[in-house]
Amino acid sequence: MKSHIGLIGLAVMGQNLALNIARKGYKVSVYNRTAQRTEEFVKNRVTNEEIEPHYDIESFVKSLERPRKIILMVKAGKPVDDTISQLLPHLEPGDLIIDGGNSHYMDTERRFKELSEKGILFLGMGVSGGEYGALYGPSLMPGGSREAYNLVEEILLKIAAKTEDGPCCTYVGERSAGHFVKMVHNGIEYAIMQAIAEVYHIMRDVLSLSSEEMSSIFEEWNRGELSSFLVEITYKILRKKDEETGKPMVDVILDKAEQKGTGKWTSQAALDLGIPTPSINLAVVERVISHFKDIRTRLSKLYNKRRSATQGSEEFLRDLRNSLFFAMFMAFSQGMWLIAEASKEFGYGVNLSEVLRIWKGGCIIRAKLIDTLRRYISNENAYLLENEEVMNLLKGKIDSLKNILKASIENEIPVPVLNSSYNYFMSLTEERLPANLIQAQRDFFGAHTFERVDREGVFHINWEEGEIG
Ligand code: NBP
């Protein structure tokens, strides 16, 4: 019997996805560039699942029912192109390749075009949820042609995470829409992680709370409006002890944050499309700063920080909780606005509410807040701020955020994402920004012209001698 589907790339994600698909009753052929990985996978992890290993591409392709459906779970970048090149001689028009890695959306755009010209169907599919999600139910964000999606919809819906609103998978949109949406998902993830880290920093260095105390607070928060996967893992992380030293695990981890690039890509795309995503941008920048450990250590000795120990009063903890909620909301506001703009610009046809729905389960940014966002999102209100209930919700948090920002300034603690959430909101809600002065400066030194508030037209003046046109 031929396999229903094939999967190439048996690192952690590929292995788990193959097992997940096989456990839903499908026969899966697998292939990996390095044969040893395939052998170990079959020996150590495959039990009753119908998983057929292959050690050359040709036999792998021949083992698949037609039209062939092949998922790639290889490293993003050149490995995807290499694998596609190896597959192509063995494929026929109508066969489907699904790239499930974190590919850059522009690469997906190019591959979609190249493969379409050869009659090969292609889906760029974001997969979120890490290795656990891949095995037990990820959030899937496939984009490409509807025809391609229809070929695998049944399988994808079965393997995706489930919530009361259905499986966490939908046809996201045309061409590279799936990978664009996955990229922004990761950008939002960066911002929320950084906001949580900033709150932790204040708890640790201003309130002097122990890891156990912080863990209990995050655990309690996770039962309320902040309920989310990232808050949940935070309280679990904070209570974990290092077996060697007995210290809290977080205290023995070096404070240098790594990144694989999806946050940076989100910021780059946002800058290109002209959509403000300051929380995401600053979360990326803060990871970069974290890398300069030596410089930070030297400078910290030169510029002693002034810290005044503050009592962790009920009010202060409430303010911290409200600030985190506010920052989380702004991360979604910026991300969804970016997706809406990309959808318009690139003709993706993304349904924003559906994107939020498939982020309700399986993925890293799943959060109770998403239910609220889904009630108010629309193409016109993609930034989610133009609604009376949202307005009341946010107004109730602003004073808290101001208190926390004041405390962070008092204690010289960096809170770039909490701060940028505040400034993003304050800029967007300010009728008269000082951009008039910037226009004047541009016109002064570069004759870049300006518009006037009192009449139509484009103007330039000679700033030292009077109006010239
Ligand atoms: P990796 O991103 O570490 O990639 C390892 C896989 O790529 C191995 O199967 C490796 O084969 C294969 N590969 C490489 Br490297 N170069 C190749 C080439 N030139 N030709 C063919 N195969 C090649 O694996 P992963 O962490 O499982 O992630 C897979 C994809 O899923 C990535 O795009 C990743 O960004 C994405 N993703 C990962 C996570 C996560 O939590 N890890 C979550 C969501 C999405 P080999 O065995 O022969 O070296």
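Numbers run from 1 along the shown chain.
From the backbone N, Cα and C atoms, a Cβ is placed for every residue, glycine too.
Going through ASN44, ASN48, ASN102 against TrEMBL, the one listed in the NADP(+) site together with GLY9, LEU10, ALA11, VAL12, MET13, GLY14, ASN32, ARG33, THR34, VAL74, LYS75, ALA76 turns out to be ASN102. The substrate site recorded in TrEMBL comprises ASN102, SER128, GLY129, GLY130, HIS185, ASN186, TYR190, LYS260, ARG442, HIS448 together with one of ARG146, ARG223, ARG239, ARG287, namely ARG287. The separation of LYS182 (active site, proton acceptor) from ASN102 (NADP(+) binding site), Cα to Cα, is 8 Å. Filtering ALA11, MET13, THR34, LYS75, ASN102, TYR190 by Cβ distance to ligand 1 (under 6 A) retains the following binding-site residues: ALA11, MET13, THR34, LYS75, ASN102.
The binding-site residues examined here are HIS185, HIS448; by Cβ neighbour count within 10 Å, the least packed of them is HIS448. For the pair TYR190 (substrate binding site) and THR34 (NADP(+) binding site), the Cα-Cα distance reads 32 Å. Mean predicted confidence for the domain '6-phosphogluconate dehydrogenase C-terminal' (178-464): the pLDDT average there is 97. Taking the recorded positions LYS75, LYS182 in turn, the residue surrounded by the fewest other Cβ atoms inside 10 Å of its Cβ turns out to be LYS75. Between the two most distant C-alpha atoms of the annotated NADP(+) binders (GLY9, LEU10, ALA11, VAL12, MET13, GLY14, ASN32, ARG33, THR34, VAL74, LYS75, ALA76, ASN102) there are 21 Å.
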